[in-house]
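Feature list (source: TrEMBL):
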type: DOMAIN; residues: 48-184; note: domain 'CMP/dCMP-type deaminase'
type: BINDING; residues: 97, 98, 99; note: substrate binding site
type: BINDING; residues: 110, 137, 140; note: Zn(2+) binding site
type: ACT_SITE; residues: 112; note: active site, proton donor
type: DOMAIN; residues: 204-314; note: domain 'CMP/dCMP-type deaminase'
């Protein structure tokens, strides 16, 4: 098990100078590799899209925050094929794991969750494949099975430890989760995680942070409890990072809106930058469950001086 993470500079050194420049620019714009850029790179490097995803794993891993386990995970998700005049295989979304000192391990964000969350918030409605630097744990296999394209999703794993090698195995998610647990009453279940959602919730507050949290709540996925909710965090320079609830049929693999917001913030800041949060808002419907306590618990770990603004939506 690695006790020290790779630096972003070291990860970038695996690419030619011209691609390094383009990659740095993409990272500064939020860690999304546009389809056209991915198409350009696979041609310049003479590799396929899967090999490019494997080659990008050290870059994603450079964003990992694992102070407890010291096990750093990077993930790269391939969005759906582009339409219209856009060329290339699809956009690529980076993700990494996050752990929170002095809090329950159940609050950790897994690398796979981070990449899916990144793609989801950017508007993707499914994934073609997901590359990771370690086999997905059982928790993540169940989480991934919730997404719209789960039955066609391919998992890419690096074949060897050679840093220069981009060889990989490619197997369907069903290989890792052969007898998946799924919801039995299809009349009650929504279409799937990453399907476009709109719950038409409203709040009285017009403040930008509250409205951003409302946006997250309206786009949240909660087919089993209907606990529609979203979180918005304000960082430096009044930048707002929004997260949304992503529920799972097995309950425990659900991703809270606070985890979602923090994962998105992490992938949109420079690698290992301080998570400077100045304000936080949670918008949620009144329900039999609530995200309030867990949101406050995580907030107390990453920004102990910040109080949560909790708003009930109608």
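Positions of Cβ are set from backbone N, Cα and C atoms, glycine also.
TrEMBL: automatically predicted annotations, no manual curation.
Sequence features annotated in TrEMBL and their locations in the structure.
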{"residue": "97", "record": "substrate binding site", "DSSP (3 states)": "coil"}
{"residue": "110", "record": "Zn(2+) binding site", "DSSP (3 states)": "coil"}
{"residue": "137", "record": "Zn(2+) binding site", "DSSP (3 states)": "coil"}
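Annotation for residue 99 (substrate binding site): spatial neighbours 65, 66, 67, 68, 69, 105, 108, criterion Cβ-Cβ under 8 Å with sequence separation of six or more. In terms of local Cβ density within 10 Å, 98 ranks first among the binding-site residues 98, 137, 140. Within 8 Å of the centroid defined by the CB atoms of 110, 137, 140, the record's Zn(2+) site, lie the Cβ atoms of 111, 112, 113, 136, 138, 139, 141, 143, excluding the listed residues themselves. Across the domain 'CMP/dCMP-type deaminase' (204-314), the DSSP tally of helix, strand and coil residues reads 37 helix, 27 strand, 47 coil. Listed recorded positions near residue 140 (Zn(2+) binding site): 112 (candidates 97, 98, 112; Cα-Cα distance within 10 Å). Of all the Cβ atoms in the protein chains shown, 26 others lie within 10 Å of the Cβ of residue 97 (substrate binding site).
Excluding the listed site residues 97, 98, 99, the same chain places 64, 65, 66, 73, 96, 100, 108, 109, 110, 111 with Cβ atoms within 8 Å of the centre of the substrate site Cβ atoms.
Separating the Cα atoms of residue 110 (Zn(2+) binding site) and residue 97 (substrate binding site) is a whole-number distance of 5 Å. Within the domain 'CMP/dCMP-type deaminase' (48-184), the DSSP-based counts of helix, strand and coil residues read 41 helix, 31 strand, 65 coil. The Cβ neighbour count for residue 110 (Zn(2+) binding site), using a 10 Å radius over every protein chain in view, is 25. Averaged over the domain 'CMP/dCMP-type deaminase' (204-314), the predicted model has a pLDDT of 97. Other C-beta atoms found within 10 angstroms of the C-beta of residue 112 (active site, proton donor) number 25, with every protein chain shown included.
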